[in-house]
Structure formats: C-alpha cells, structure tokens
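Below is one structure, written out as structure tokens, with a few remarks after it.
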C-alpha cells in the first residue's frame with residue numbers, strides 16, 4: 001500500500017490568526033473619534049476602505065491610514081483559539097502547516113510586523129513557516145483557511161480547497177454546497193483536515 005503524503009494546510013493571518021477587524025475599528029475610533037464608523041456587525045465586503053469610502057469618500061483614506069501606520073499589525077490581538085489550534089495542527093502526524101499571508105502594497109511596516117507578530121505569538125519555529133505572497137493561487141497546498149471569500153490570481157484552479165473562515169465581513173454570505181466554512185477555531189477544523197487527508 002502506497003504511503004500517503006502529508007496534508008499541507010495554508011492558514012491566512014489577518015482575520016484568521018490576528019484580529020484585524022477589531023484592531024482596525026479600535027484604531028479608527030481612537031484616531032478619528034468624531035468620524036462615523038462601521039460597527040463590526042455591519043461590516044460587509046473584504047476591503048474595509050471600500051465600505052468606509054461608501055460612507056464618505058475621504059473616510060477610505062482615513063481608515064487606510066490606520067492599518068498602514070507603524071505598530072498596527074504588530075499589536076493585533078490573536079483570534080480566540082487560533083494560537084492553540086495552529087500549534088496542535090502543526091503537531092499532527094503527516095500534516096504540514098504554513099502561514100500564508102498577503103502584505104499590503106504599502107508594505108513599509110506591515111511585512112516586518114507580521115514576522116514579529118508570528119515570533120511573539122507562536123515562536124521562532126513558525127517564522128520559518130511564513131509564506132508572503134500577493135497571489136495565493138500559485139502556492140501549493142491542500143487546504144487554504146482564509147477569511148477572504150473570493151481569492152483570485154494567476155491560477156484559475158489552485159491546488160488547494162478554500163475553507164472560508166468566518167469573520168464579521170463574510171458571515172452573511174451564503175456559500176454554494178461545494179464550499180466549506182470554518183465558523184471559528186472552536187469549530188471542527190480537525191475534521192476538515194482529516195476529510196481532506198482521506199481524499200488524497
């Protein structure tokens with residue numbers, strides 16, 4: 001009987017491991033207390049600057065200034081259960097785990113802070129498992145756990161199955177029957193990995 005290869009799991013960072021949305025809202029309200037804001041339960045669409053810009057055009061630039069500022073990514077709180085889940089996943093037999101994250105185009109602070117966040121919260125061994133890319137479709141894997149609902153790039157049919165991680169901006173979306181969702185890190189992520197393993 002042939003030995004099965006390991007399951008490779010790609011895990012997004014912002015909105016999946018690090019609480020980008022809460023950090024953004026808190027930072028925006030702190031910096032611009034007089035401006036209108038979008039409560040988390042009313043967030044719609046992956047890009048916050050687009051929703052803020054629809055409220056008033058100048059708000060798009062203001063909200064972007066929050067996540068482009070030094071310290072923003074470094075100081076994000078972990079998503080509940082994320083760190084323990086990733087450590088357990090990494091210890092699973094025949095399972096390879098990588099953190100697959102897209103840096104901002106305005107990357108001055110973002111890139112270094114993402115590395116430091118991983119080292120501070122998960123340890124140096126996970127720094128070795130960071131993949132920074134603007135196009136996740138070209139990264140080889142079996143599963144991609146990501147809060148972005150529509151991931152496009154050079155590859156029309158990526159090697160991975162996209163598991164949508166529930167976040168405030170996507171919780172209202174109805175997925176087709178062929179798509180799977182992970183509601184939180186308390187949800188059955190182990191079952192998703194094992195079902196993928198069985199299909200390899």
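Yeah, the Cβs are placed from backbone N, Cα and C, and that goes for glycine too.
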Phosphothreonine: annotated position in Swiss-Prot, out of 102, 157: 102
Per Swiss-Prot, the candidate from 159, 184 carrying the annotation phosphoserine: 184
12, 14 bind Mg(2+) per Swiss-Prot; candidate in 147, 149, 187 listed for that same site: 147
Packing count at residue 67 (substrate binding site) (other Cβ atoms within 10 Å of its Cβ): 21
Neighbour count (Cβ, 10 Å) for residue 46 (substrate binding site): 16
Residue 46 (substrate binding site) and residue 12 (Mg(2+) binding site), distance between Cα atoms, whole Å: 14
